[in-house]
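The feature signal peptide is assigned by Swiss-Prot to 1-24. Residues annotated as disulfide bond in Swiss-Prot, with sequence analysis given as evidence: 31-81, 40-64, 56-77. The feature domain 'BPTI/Kunitz inhibitor' is assigned by Swiss-Prot to 31-81.
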């Protein structure tokens with residue numbers, strides 16, 4: 001395969017990956033869990049995915065263990081959880 005063909009194939013595969021709908025990507029396994037609002041010493045602004053509203057909402061993460069349904073930004077939350 002020539003280098004030009006290989007470059008074209010690589011470009012097409014990259015385009016295909018970018019056009020793949022988010023719904024076909026694997027969701028974070030904890031997205032359906034409620035946010036862990038246990039009060040610990042931390043008051044860390046975070047976002048959790050609300051599956052009923054299909055959006056990410058802000059909450060105060062205490063910093064103690066918790067589950068995976070807490071993200072630093074709403075963009076990360078939506079990227080990992082939105083269907």
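Sequential numbering from 1, following the chain as shown.
Glycine too: its Cβ is placed from the backbone N, Cα and C atoms.
The DSSP secondary structure for residue 81 (disulfide bond) is helix. Between the CA atoms of residue 77 (disulfide bond) and residue 40 (disulfide bond) there is a gap of 22 Å, rounded to the nearest whole number. One residue stands out among the disulfide-bonded residues 56, 64 for having the most other Cβ atoms within 10 Å of its Cβ: 56. The candidate set comprises the disulfide-bonded residues 31, 40. Of these, 31 has the most other Cβ atoms within 10 Å. Within 10 Å of residue 56 (disulfide bond), counting CA to CA, the disulfide-bonded residues 40, 64, 81 contribute 81.
Distance from the CA of residue 31 (disulfide bond) to the CA of residue 64 (disulfide bond) is 18 Å. Separation of the C-alpha atoms of residue 31 (disulfide bond) and residue 40 (disulfide bond): 22 Å, rounded to the nearest whole number. Across the structure, residue 40 (disulfide bond) and residue 81 (disulfide bond) are spaced 25 Å apart at their Cα atoms. Within 10 Å of the C-beta of residue 81 (disulfide bond) we count 24 further C-beta atoms, all protein chains included. Under DSSP, residue 56 (disulfide bond) is assigned to a strand (E or B) in the three-state scheme. Over all protein chains present, the Cβ of residue 77 (disulfide bond) has 24 other Cβ atoms lying within 10 Å. In the predicted model, residues of the domain 'BPTI/Kunitz inhibitor' (31-81) average a pLDDT of 90.
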